[in-house]
Structures are given as C-alpha cells and as structure tokens.
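Questions regarding the structure given below will be posed in turn.
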Amino acid sequence: SVRLYRETNQGPLSWKWFVFFCFSWLNPLLQLGQKHRLEKGDMYSVLPEDRSETLGEELQRCWNEEVKKASKELWKPQLSRVLIKCYGKSYALAGLFEFFLEAIKVIQPLLLGKIILFFENYHPDDQRSLCMAYVYAAAMSISTFGLTILQHLYYYHVQRTGMRIRVAMCHMIYRKALGLSTESIGRTTTGQIVNLLSNDVNHFDEITLRLHYLWAGPLQAMVIIVFLWYEIGPSCLAGVATIAVMMPIQTWFGKLFGIFRSKTAVLTDSRIRIMNEVVSGIRIIKMYVWEKWFSALVTEVRKKEISRILKSSYLRGLNMASFFASSKLIIFVTFTVYTLLGNTMTASQVFVTMSLYGTIKVTLTLFFPLAIEKLSETVVSIRRIKNFLLLEEIERKNIMLPLAEKGGNSIEIEKLTCYWDKSLDAPSLQNVSITAKSHQLLTVIGPVGAGKSSLLSAILGELPRDTGTLKVKGQLTYASQQPWVFPGTIRSNILFGRELNPKKYEQVLRACALKKDLEMFPDGDLTLIGDRGATLSGGQKARVNLARAVYEDADIYLLDDPLSAVDAEVGKHLFDKCICGLLKNKCRILVTHQLRHLREVDQILVLKEVCTPAKENCLKEACLLLLNHLCSEITNSKTMFKYKDVLGSFLVLQVEAIQTIAEETRAEGNVSSHIYFTYFTAGCSLLVLMVIVFLSILAEVMSIMLYYLVEYPAVNQIPNYFFNIVLLCLLLGLTAAAVVFGFARSLVIFHGLVRSAQTLHNSMFSAVLHTPVSFFDVNPIGRILNRFSKDVSQMDSVLPITFVDFYQLFLQNVGVIAVAASVIPLILIPVVPLLLIFLYLRSLYLRTSRDIKRLESTTRSPVLSHLSSSLNGLSTIRASRSEEKLKKDFDAHQDLHSEAWFLFLMTSRWFALRLDSICSIFITLTAFGLILLRDGLVAGEVGLVLTYAVTLMGNFQWTVRQSAEVENMMTSVERVVEYTELKNEGPWETQQHPPSDWLSQGMITFDRVNFFYDTDGPPVLKEISATFHAKEKVGIVGRTGAWKSSLVSAIFRLAEPQGKIYIDGVVTSEIGLHDLRQKMSIIPQDPVLFTDSVRKNLDPFNQHTDEDLWKALEEVQLKSVVEELPGKLEAVLAESGSNFSVGQRQLVCLARAILRKNRILIIDEATANVDPRTDELIQKTIRDKFKECTVITIAHRLNTIIDSDRIFVLESGTIQEFDHPFTLLQNKEGALYRMVQQMGQAESASLLESARQKSLPIIYTTNLPGVIFTPFFEMLSSTIVLHLVALQCLLVTYFNNHSPIR
C-alpha cells in the first residue's frame, strides 16, 4: 500500500537516481488513485529540506542581514537581492539544463536537413551516404531522448525552486504579521495580507519556469540566424526583421502587464478586505438589511478589478495570437523575398528553414514575452511583499527578571503618556502613575473610551510610549476584552501549546466555571469549536479566553473586562474562585464595569475624560461607588445574606449543544459537463459561443491552406515560375486572413472567459449573502476567503490562458494532421494508436491528479484560516509569547499544502515524461523507418513526414497535457459553482407584502415556537408561547447558555423557527426577510464596524442629514469623540473599527438604532462593555427615544432590565418565569430572585427597590401614602449615610499620604 510505501521510503532522496528520475515512486499512489479517492493521509511527506520552517528561517536570516547592511550603508533593502543570494546558485544550475535544451532544439532541424538531403541526392549504390543517413537518424533519436531528459530535469528543478521561494516567503509574511506594531496594522488590512499569501507569492511558481528565456532566447536567436544565413542567405533577414518588429511590441505588452498587475492587486486587496468584513459581520449585515449595500460595494470594486483583468487578458490574447500569427508572417515574408530574388528552394531548405523558424518563433514570440510578462508581475509582487516586510514591528521593552530577582513590585508606571495616533491631539493615556505590587489586585474603572484597554496595551507594549516610565518585572499574560478563540479543540484553546498538567488543568476548568459545560459537550474538552468560536455562546468564549490566560504560569495577569459577557452568578464565581482564588498570589490588573466587586480589591484606578487618572470629583465618585458596597450592612441590614447560602455547593450552569466543524467538501471523479457548460455560458450566450467556434475554424482553415501552399511545391517539385505568379498572391491573402481571424478568435475567447469569471464571482457572492447564518458557523473564514481569493484568481488569469493555449493547439494539431494526411494518407496509421495510448495515460493521470489538485485547494484553506485567526488574536498571542508556537502551526499547515502541491507537480512530470518518451520512440521509429523504406520516397515527402513527426509529437503531447491541466484548473470553477448553489435562506422579498402601516404598534406574539440551529439536532428554544405588548419594555435574563440570543435569531429568522411568530398580527414567516428585518432595530452583542467612513457606518444608504447624525452621536455620548477625528463624519475607521474601543463600538450600534426609528428595538447585551454611568445614560436615552417602541433587552446586568415592564426568564431554552419584576421578586424560590441575591447585599436591595418603584403605578390604588413616603425616607437615610462615610473617607485620604484608593 502507499502508506507502507511511505514508511519504507521517506521521500525521493532514498531512491536510486533512475527510479527517482522516472518518477516510478509515484506508481503506488497512482494505482491507489484508481481504487478510491485520495485523502490527506495518502500523500507523501514533504522533503526535510523543503519544510516551511527550514526554508523560511534561511530566507529570514538573509533578509535580516540585508536590512542590517542597508541601514548601515543608507540604501533601501532589496528583496530581489536576497532571493538571488539564497536561490541564485541552484537556479543557475537549472540554467545549464536550459542551455543544453535550447542547443538540442537548434541541432535537430540541421539533422532533419541532412536526412532530407540524403533523399534529395539518393543513389542506391552510395553506401557511404546511407551510413551517414543512419548516423543522422541515430543522432536525431539521441537528441530527442536527450531533449526529453533535460526538459524534465529542468522543469523539476525550476518548479521546486519556485515552490521553495513561495513557501519561504509565506513563512516570512506570517512571521512579520505576528510582529506588526499597532501603527503598521493600521496601514495594512487582513485583505492585503491574505492577498499576499494567496496570490502574490504564486508568481514565484510562474517566474521560475520562464526567467531563463530572457537570456536563452536572444542567444538561441543569434545562433539560428547564422544557420538560416547558411541555408537561404540574406533572405533570412526578412523573417528575422519580422521577429525583430514583433519583439519590442511584445516586450511593451509585458511591461503593461506589470502596470495592470499593480493596479489589479490593490483592487483585489480591497475586495478581499470587504469579503473578510462581510463574513466576519454577516449576522449584523443580515439583521440591518445591509446585503444590498455590501453587494454594491463588492460589485463596484469587482467591476474595476475586472476592467484591469480584461485589459491584461486582451494583452494576453494579442500575445498568444501574435505567437500563432508570427509563424505565418515569417514564412510568408521569407519565402516571398527568397523567391523574388530569383532563387529556387529545395525540399531540405524548405523544411530546415521552417523548423529553424519554428524554434526561434517559440522562444522569441512565446517564451521570451511570457518571461517579460511574468517578470513584470513578479516585480510588482516583490515590491508589495518588500513594503510589507519593511513595516514597523512592535518593540519589546518589558523587563523580564528571574523569579528570585523580581523583588516586591511587579508594575511601576510613572507619568506615562501614550498616543495611538500622534496626528490626533488627544493622547490615549496622559500622566498615568501606578504601582502594582505582587499579590495585589488593581482594578481599573472608568467610562467608555477613557483608556482602560489602552492602559493594558501600554503594559503589553502594544501602545507606543511617548513620555514617562514603564517598568514591568515578571511574565505577563492577557485575557482580551473581545474573547479570542481559534479553530481547534477547547483543550487546545486553553493549553495554547503548553504541556498538559492534569491537576492544574482541572483547577483552571473549575475556577473558570467550565467543568459543567465540558461534561455536557459530546467530546468533552476535545470538542471542536468553529472559526471565531461561532459554535460557543458569548459567555463560553469569554471563559475559554480567561482559562487560557489563567493556565499560563505568569507573574502578572492583565484581565480586560472578562466578567461582562457572563451573568451575575457566573461572574461572582469567576471573581471569587479564579481572580481572587486561584490567582490570589499573583499581581492582577482587572478592567471591569462590575462595581459590586470593588470592595474585594487592593487598589482602584479611575480613568476619566481624556484618559488621565481621575482626581477630585472623580475620586469622590470612586469612593461613593466603593462605599455603596462597603456600607451595605448599614443601609440594608434587613437583607443580609451569604453567597454560599444562596449558591449551595456549586453553580449548575446551563450549557449549549455544540456543532463540530466539518471538513471542507471535495468533489469526486471527473469534473462534470454541467461545470463546463456553466463556465462557458456564464460569460456569453450560445450564439456568441457559436461565433467563437466559427472564427476558430475559419482561422484554422486559413492556416492549413497557407501551410499547404508553402509545402506543396517543395513536396511535389513544382517549377518555381508557377509559385511566383499564383501562389504568392494566394499566400498574401491567406496570411492576412489567418492573422486577422486568429487575433479576433483570441480576443473574443479571452473576453468571454473573463466575463464568465466575473459572472460566477458575482453569483457566488450573491449566494453567500443569501445563505443562512448557520453556513458561516461551520465554515472557517479562511475556507470562504480561499474561494474568493485563490479560486477566483485562477478563473481570472490562469484558466483563460491555459484554455486558449489548449484550444488553439488542438485546432492546430487537427490542421497539421489534415495537411499531412492530404499529402501522405499513410501518416494516419500511427496517429490513431498513439492517440489511444495518450488518452489512456491521460485517464490514468487525471484520476489521481484531480484528487491531488482538490486536496491542494482544501489544504490551502487552513493556511489562510490560521492567518486570519492569528491576526484577530495578535495581542493575546504576543502577551503569552506564543509566536513560536503559532509559527510552528503555520509551518505545519504549509507543509501539508506543500505535500499536495509537490505531488501535483510530480504527477504532472510523471505524465509528461511518459508522453515525451512515447513521442521520442515514435520519432526514432519514423527516422529509421524512412531510411529502411527509402526506395520510392521523394525528398519532399520525407521532409514532410519527419517535420510533422517532430512538430506533431511535440504539440500532440503538449495538447494532451494542457487538456489535463484545464481539467485540473476546472476544479477551481467547480469549487466556485459549488458556492453558487448554496442553500438559500427565505426570500428577501415576496409577493405578499405586509400592509403599508404595518408595525405601527410593535406587539410580538410567540405561538408554540421551537427553534433549531441544526435541523438534525435538538431544539434550542422549546415551546415558547408569550406576548410582548405594544410599547412594552421587556427584559430577558438567564444564565450563560440559556439561549437568550436565540430568541433574537428566531425573531429575525436567522434560521426558520417552527411554530408562529406574529408581529402586529402578521406571521413573520409569510413575508420577505427584508420586509421583516428592516422594520426592527438591533444593538448586537458583538459590535461590528466596517472599514469605511463614520457616516457610512451609521447611514450606509444616505437616508439622514448631517444634523440627524450628529444628534444621534450626541445622544450616545460619542459626539466629542467623532469631532476629534480628522475628517469628522468622513473619517475612515480602521479595519473592524479597531480605532474605537469596544464600548464605543457598541455606542455606534446604538446610534444606528436611534437613526432607524423603528417600533421594535432589540438590545442584545449591548451595554456589557460600558461603564455603569454610561449604561445609565444609554438606558435614559433608550427610555426617552424609544418610549413609544417595544424594547426587548437581553442583559446580564440586572440593573439594566430591572425597571422593565416585565421580565422574561429563560432556562435551557424554555420559559421559566415571565411577569412584572417586583412580582417575580416576591417569589423567593424564583429564578430572578436567586439572580438578584447573587449581586451582593447592597445591590440586591437597590434592585428590589428599583423594582418596587417600577411597580408604583400598580400599588397606588391600594396604599398611596406608604408607597410614596416609606421609600422616600429609606432612600434619604441611605444617601445621608453614604455621603457622610464618603466625606470621612476623603478626609482620611487627604490627611494621610497613602490610601487603599488611588
């Protein structure tokens, strides 16, 4: 078996040279490919010297030396110089093969002429001439076999060199991406980096094939001109002049390719960036009904991209047409001049001249311009990669001391001022001074945008320091505000490359409240999670993210608001058991908005306004916030409780079912005729296809007649005067017609194929926008981007030129056979069996190569997914010093792809070697057979047979190979077409539109609603029946994983619910999705901003005035922030809105909702990342702005929803309670009561009071005086006590030099 063969032969190095060169080591794999579809485990391991790490580190070392030397000598580093230094010698060795290869191509026509000359001067008794003829035939045979051997040695070396450069370059790009500074990240995008990895580096595979022709072509041309002069004298200069005229034109075409490539690359970057944002924010796009806007964005960019690609394709078409037309022009001009000078051309002269011109034509009018074209494109790619590699990297200035030397202090900051962007006036941090000692917990609080996360970024070294000092003593670790998880198992996400310590791992799981979740998962902690953690709830992602940081044995833990995504019960557990439990002996800096935990901390840092440490009023505010909790026994003595009494032994957390990530689908067998039909008809109609076929046949008929008229006189020895008078005129007309029709054919085909690529791309994008959200949950972002980058690039550029090459060669072969058969019908006898053998080998090869090509496509997706995932978690990766681990993972993905790519190249060599060997045997038999059957043969016939044997066999095998290559490349079309046929969600618009005044009330009714994410799985919402009245404010609460957000998904029909949901009496499932979604507003749990202006992020359809936009921003406390941006409303946000804090991004989403003015507003954990003061202001804005609307609020902060009209408590997807909050709190066995009690003594009393205040209108009728005065006096007494204690605390702080509060 292949697997056993792999174990005994770890790569080609262990095989004998002959076996290796014949590629017979691939035979077991090819045999296996006949039996079943190949899988990843069937591939051979990559060679040790071709591993990504080996190649990448070598090139990186050379690049570092170049940069260092350039900085010393004050010149710009050159990546091309580094490539020459690393790979120049091995590539030069391949140049020797190319030299001998081109030499043989020159010698073969001369040997052909000698054999024809023997027949011209044939005499039966001339034994010496006969012996020489056999010598020439033997030389012809040896040269043909030599050509085969050298050609495949050459291709093996240059293709492997190209692969090695590409792999090394990818390693360097990824390594650079991990080290980019914040400023550099702002100057590039994920789309650009993905484009560098998926498209730009591929030019190294192409340029290595052609680069040697830049010197071999002119050298060969000079030698051939000498031989042509010897054959036909000065007349050869006419043909050479024709080539000389065409070469500058084609060279100019090559330079234009570079210009178009540069412009196309920028547009491709932009398109892939938009696609990355679309896939990342698809939920928001669907709920906001922004599909059409993004479709217009992508269509516009794609239209510009296609216009550049079309120009490049037209140039390619002209280049290829020039190649096929050049032979006709050269022959016409040469023979016309030769004849008009009064010369008579013999058979040997005709065929030697045509063969020599054929050789120079291929080299100078095909390979030489192609080399210039590829060089121009590669120079652009090298420049783009070089500019990326020269971006500024993050500086590591943290002091890391051994444990014994760390002393008492872990973090010391003195008057620190930092800027994210120095072009802005406002600093991100200003005059910050703190000291955090070992075993201390420092809590950072403050309003949205105050710089809390910036402080952690400064400590991590992510935020450049402008002034002040920052000393970090000890190992850092970091839990980011937006949880970062990567595709893999839950265990791999927590361990993050570290060794498994079972005892410690168990402690971390318990401390992070993950134990019960894992027990419910199908595979425990080995359960796979999707890209961006799509298959986990927000709370589960936050706890996995926290567990990763806790598991690391660090000295300083930076925790950026890890409690905001979990409910109060889990939050209390995380704070007590993890932050103050497992980590109690560590230095901890906790950013939080959960003020109930402040009484447990050692120090508090309050940041306010321009991100400076708060003083005076801010300090008083901090004291009051803290005293709210410290003084709970004074103000709320009636409601004393202990946390343990409420919780019992441990939390019983609700968990979600989890989906596993399926492998990327791969087709089997032949590429179906449906794919070909779809591809060819996507860009043009059947009528246009018929026109293309007609033009092609017409052009080929003209070519056939031209060759026939040139060769007929030589074969039949017609007198020269007949040629002078009649054929010269016919040659002129046929040459002109063949050239015109050839050019028209190429241009029309290229136009049609590029339009097909455009149509299929648009169809794929439309299908992706129409597909349900569940598709994005189970398909990693890299898998989707792979189709929009690499597969679309194949359709745009590579497939059209390969198909045109195959198509024109196929027609040319038909023409050659037709001409040869008309002169010598017996030539058809060997052609038929050869065709059958070729087709058998093609079938044998294609079955395996198709599978390998499909594997190559699917193994490329993890490379892009890993890049995308790493860019999302850069801060976490760098904080935990896990770059090396991530690089190893990237190298492993690259090695897997290299296995498939190298096998694809080698199977192509296997196929080509066998085809060329058969052709060599055929030419050998033909040469010796003609000499053996010499009696009765005319020199012209011999020349025709030998010329066509050489030409036909070369073209024949190349045509068969190109046909196989076309089928392999059609797998990209197959993958694109697969995405065009994705399952659609419900129609955006239906014939049944809701009434024009629909949704004027906002009443929502659930009638026995069940909701499924997976049709084969259990329901996540079960038998939900409830009514939300018009203008009612409903709060939805439940523990983490209670499927609260699924209720939103059901209302928005992100998946189709069972049962009926009525909105103002209309069944939502009976109307179009856009009609439904555009009438509701959502402030989502994960705020998503896009790379566009602030205006477009608020109002993409330009439906509102500037005044409306500024008013909305003012109402969400963002007006001053936007006014400080350069360009204000027109300021372009960074990718994913990264120049705003998470809280500010949520405020932008609130501003969107205010602008939409819909009757239904759904708030899904929208204020989780904002401070209580901002939360209070937001709630006030919502109450004022949406008082006439139905508001549904999902929240973990109970104070956010306690003043709702009714509260909806979910538990495991079922309704547990649904009533007025005060009513629910009277039930001490109820779920809401338990949640409130877990908030802490003071806050629970405050929440109970708020609920009672909300219920006042209900109680007025029974006990008016008591209701009014009792709460009033309770509140008054509480306020007096709080302020007195606060004043005392401030006085003590003032008179003493140190305080527990900073």
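Any Cβ shown, glycine's included, is placed from N, Cα and C.
Annotated transmembrane segment per TrEMBL: 91-113, 133-156, 213-230, 236-253, 318-338, 350-372, 676-709, 721-744, 816-841, 911-932, 938-960, in sequence order. Per TrEMBL, domain 'ABC transmembrane type-1' is recorded for 92-360, 687-968. Per TrEMBL, the feature domain 'ABC transporter' maps to 411-634, 1004-1237.
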Which of 133-156, 318-338, 350-372, 676-709, 911-932 shares the most C-beta pairs under 8 angstroms with the transmembrane segment (91-113)?
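So the stretch in question is 133-156.
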Take a look at 318-338, 350-372, 911-932 and tell me which one has the most Cβ pairs under 8 Å to the transmembrane segment (133-156).
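Between the candidates 318-338, 350-372, 911-932, the best contact partner of the transmembrane segment (133-156) is 911-932.
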So, taking each listed stretch (213-230, 318-338, 938-960) in turn and counting its Cβ pairs to the transmembrane segment (911-932) that are under 8 angstroms, which one gives the highest count?
938-960
May I ask whether the transmembrane segment (676-709) has at least three C-beta pairs under 8 Å with the transmembrane segment (318-338), counting pairs 6 or more apart in sequence?
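Between the transmembrane segment (676-709) and the transmembrane segment (318-338), which are separate recorded stretches, there is contact, as judged by 3 or more close Cβ pairs.
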Below 8 angstroms Cβ to Cβ, which residues of this chain, lying six or more residues outside the transmembrane segment (938-960), approach it?
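Result: 108, 112, 115-117, 119-120, 122, 144, 346-348, 350-351, 354-355, 358, 711, 714-717, 806, 809-810, 812-813, 816-817, 819-820, 823-824, 827, 831, 834, 838-839, 841-842, 912, 915-916, 918-919, 922-923, 926-927, 930.
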By a Cβ-Cβ criterion of under 8 Å, what residues six or more beyond either terminus of the transmembrane segment (350-372) are in contact with it?
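Same-chain residues near the transmembrane segment (350-372) but 6 or more away: 102, 105-106, 108-110, 112-113, 116, 207, 210-214, 216-218, 220-221, 224, 227-228, 231-232, 236, 239, 243, 246-247, 250-251, 253-255, 257, 319-320, 322-323, 326-327, 330-331, 334, 710-711, 714, 940, 943-944, 946-947, 950-951.
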